[in-house]
Amino acid sequence: MSGTLARIAEIEAEMARTQKNKATAYHLGLLKARLAKLRRELITPKGGGGGGPGEGFDVAKTGDARIGFVGFPSVGKSTLLSNLAGVYSEVAAYEFTTLTTVPGVVRYKGAKIQLLDLPGIIEGAKDGKGRGRQVIAVARTCNLILIVLDVLKPLGHKKIIENELEGFGIRLNKQPPNIGFKKKDKGGINLTATCAQSELDNDTVKSILAEYKIHNADITLRSDATADDLIDVVEGNRVYIPCIYVLNKIDQISIEELDIIYKVPHCVPISAHHRWNFDDLLEKIWDYLQLVRIYTKPKGQLPDYTSPVVLPCSHTAAEDFCTKIHKNLIKEFKYALVWGSSVKHNPQKVGKDHVLEDEDVIQIVKK
């Protein structure tokens with residue numbers, strides 16, 4: 001472990017010394033690829049034994065979505081969780097109170113959302129300091145990350161946490177790079193770009209792939225990509241998670257300062273202690289989770305509007321709905337009757353591939 005950390009420090013120092021220009025792009029690409037490989041060794045150490053990377057921290061996934069609270073010790077994560085979910089996470093006025101993951105559940109708009117108060121991150125978590133590695137391993141399984149910041153401490157904290165999460169392959173508020181990557185048996189590296197590239201050229205791409213011992217592949221760049229984008233695609237273990245920055249303790253700043261904070265993208269100012277602005281926070285959480293609620297209607301009865309079946313927006317076909325209810329339901333599926341915004345007529349007869357929209361009502365007709 002210490003050998004890997006030393007090599008990471010050497011490469012980071014060399015990258016800091018190297019000026020960024022066209023002439024050094026090849027060399028920097030090579031260094032970035034080496035760095036990514038070493039980081040991967042830290043995330044998944046070689047050799048068996050011991051628990052997984054999130055040992056002792058992970059909590060069984062329940063509900064329709066999972067949110068992780070990440071932040072430095074004593075920024076108010078536990079207070080926020082206890083006031084949001086009514087869970088009493090041990091709150092104290094000294095740093096490092098929460099030493100294991102504390103789960104809570106909040107019900108909002110019919111959805112059951114699991115909240116995880118993850119232990120405070122210290123700088124250097126991605127290098128295995130503190131219990132940061134386990135914390136970040138749990139953060140990778142979340143549908144949304146809330147980075148809780150103390151409004152009085154500068155946004156330097158924000159940068160440190162982002163770097164820690166980035167080092168563990170978590171990309172915040174980003175889409176996966178639009179890069180096609182396909183390994184093949186022969187034919188060398190074949191690079192095609194559908195738009196002008198400011199950073200990547202043939203030599204840089206080859207140097208990065210050579211570091212991964214890939215000498216035959218088809219690469220298609222569909223956007224102006226960076227060396228980091230290409231490395232993310234080759235590594236293939238990146239997770240893309242939406243993120244909200246929660247600025248806590250706004251009771252200690254002026255109205256003018258609050259106006260400035262409101263203009264920062266992905267930010268919600270709150271006071272966990274006074275429960276100020278929780279409505280705004282919950283509304284933003286709902287927007288970022290992009291959940292779809294489907295109501296059920298048993299034959300000959302009124303729809304049940306009390307407990308919707310909640311689906312992620314990427315899987316909202318009638319088939320996904322059936323699978324969520326019971327894995328065998330799809331085998332008995334004949335057709336479905338749907339009322340709501342996804343159909344032209346109410347009700348409309350649809351097949352298993354029909355894509356449902358938020359607050360649709362569905363009745364399944366079995367064979």
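Cβ coordinates come from backbone N, Cα and C, glycine included.
DSSP assigns Ser78 (Mg(2+) binding site) to a helix in the three-state reduction. Residues or ranges marked as GTP binding site by Swiss-Prot on the basis of sequence analysis: 71-78, 96-100, 117-120, 248-251, 271-273.
Just so you know, the Cβ of Ser78 (Mg(2+) binding site) picks up 24 other Cβ atoms within 10 Å once every protein chain is counted. Taken from Swiss-Prot, the feature Mg(2+) binding site covers Ser78, Thr98.
Marked as domain 'TGS' by Swiss-Prot: 290-366.
Taken from Swiss-Prot, the feature region 'Required for interaction with STK16' covers 2-16. Under 8 Å from some Cβ of the region 'Required for interaction with STK16' (2-16) lie the Cβ atoms of residues 28, 31-32, 34-35, 38-39, 41-42, 127-128, all in the same chain and six or more residues away from its ends.
Classification of Gly71 (GTP binding site) by DSSP places it in coil, neither helical nor stranded.
A count of other CB atoms within 10 A of each Cβ picks out Ser271 as the most crowded of the binding-site residues Ser74, Ser271. Summarised by DSSP class, the composition of the domain 'TGS' (290-366) is 12 helix, 34 strand, 31 coil. Distance between Cα atoms for Ser271 (GTP binding site) and Ser78 (Mg(2+) binding site): 12 Å, as a whole number.
Fewest other C-beta atoms within 10 angstroms, among the binding-site residues Lys77, Lys249, are seen around Lys249.
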